[in-house]
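Engineer: As listed in TrEMBL for this protein:
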TRANSMEM  6-34  transmembrane segment
TRANSMEM  99-117  transmembrane segment
TRANSMEM  123-145  transmembrane segment
TRANSMEM  235-253  transmembrane segment
TRANSMEM  273-296  transmembrane segment
TRANSMEM  317-343  transmembrane segment
TRANSMEM  349-370  transmembrane segment
TRANSMEM  377-394  transmembrane segment
TRANSMEM  400-422  transmembrane segment
Amino acid sequence: MAGRGLYVATLLTGLLECLGFAGVVFGWVSLVFVRRPEHYFKNPCEPNAGLMGNATEQAAEDCKAQDETFSLIFTLASSMNNFMTFPTSYIFDHFKTTVARLIAIFLYTSATLIIAFTSADSAVLLFLAMPVLSVGGMLFLITNLQIGNLFGKHRSTIITLYNGLLYEQGIICSTWHVTRTFLLMPWGHIPYPLPPNYSYGKQGVGQTGQDTPIPGPGQQQKPRSFWGYVLSRRFAWHLVWLSVIQLYHYLFIGTLDSLLTSLAGGDRAIVSTYTNAFAITQFFGVLCALWNGLLMDRLQQKYQKEAKRTGSSTSMVALRSAVPSLTLTSLLCLAFTICASVPVLPLQYVTFILQVISCSFLYGGNAAFLTYPSEHFGKLFGLVMALSAIVSLFRDPFYVSTVNVVLILATLLTLIHPFLVYRECRTPKESPSAIV
């Protein structure tokens, strides 16, 4: 009973931590709206004194440089958020939970202090602070995802819920992080499935003294190597699925302020209304991610009953349960992309709703899809995020050429991934040992 209470305490405090700290970088739209009137990166927007006759026209043209600078910061921060996930996940896998969290605390606290003391004159420091902030927040998320292992059949729900919290904002509270690190989180890893009579505490191991999963019925006894998963076709298509959908989400968030300004004819009051509406919809991403996890857990329980009769592996059960989530995520992103491509201001309310639902399903489903095998989860999660970051660097050229049709077609391409996963599940052959 005491152990269950500790599980719940770890879960709830982890939810609060992710709510306040894991995804501050995705509140970029609100930050830009606040910093713009404070003359951040305003120098290029000053009229040229020698061309007073064309001052207004020149200022309007040069102000694009301010938008581009803000967009560049978000591009750098979001790309580093993904690219640095691989080395930080490597640290998590090899040096375990406590070391990873201490690094996260240092990075996050340093970045928030820099942001707190920046001004228009020192705005260039945002190029350093925002990437560091995003990396620290991602480390908090990675160390919290393993908490789902404590709750068995509700594992996918918890993992997707944590990812849904990735898009909320918060304030500095390093004491909170340190307290959780040393009082609630394990030194090592939380295995999955949990060994019999698993004792949860700072040792992070069960009675067997091992920090690795114990194979259950239907699981393969011999695990595949890390590179065996990375070089699989399934991992390659999952990378395509994540990269394409993520590309448009980053493009949308990074350019939303300038998009709304254009559609509103420069009326800052209208832009403020839509910016607030976008921020409010982000909060409901938590509920959207929860439904995705519930869907996967319900299907997994259904397929587990069938697996007992057919002898299918645990990994195959998890693989089949992910197919509807992958498909639904692609369709949601397709609808979101189409709505965002229509230059009608009121329609953007619908765009905001589709964006937050799609984004929550994307990251929650991605994490849940990669959780087998747990001994490679950190590295696989980090690698797929790092590789997808390379693709996200191309979003500025996409925006300049405004090739929305290409992005819509690319989104349709992501439907190939769930189709191949479904076909693999229906093919009578040896079950895979991991979802990658």
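Cβ coordinates come from backbone N, Cα and C, glycine included.
Model, not experiment: these values are computed from the prediction.
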Engineer: Name the range, of those listed as 99-117, 123-145, 235-253, 317-343, 349-370, that has the largest tally of Cβ pairs under 8 Å with the transmembrane segment (273-296).
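Structural biologist: If we count Cβ pairs closer than 8 Å to the transmembrane segment (273-296), 349-370 scores highest.
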Engineer: Any chance the transmembrane segment (235-253) and the transmembrane segment (99-117) have 3 or more Cβ pairs under 8 A, given the pairs are 6 or more apart in sequence?
Structural biologist: no
Engineer: Restricting to CB pairs under 8 Å, which listed stretch, 99-117, 317-343, 349-370, is in contact most with the transmembrane segment (123-145)?
Structural biologist: 99-117
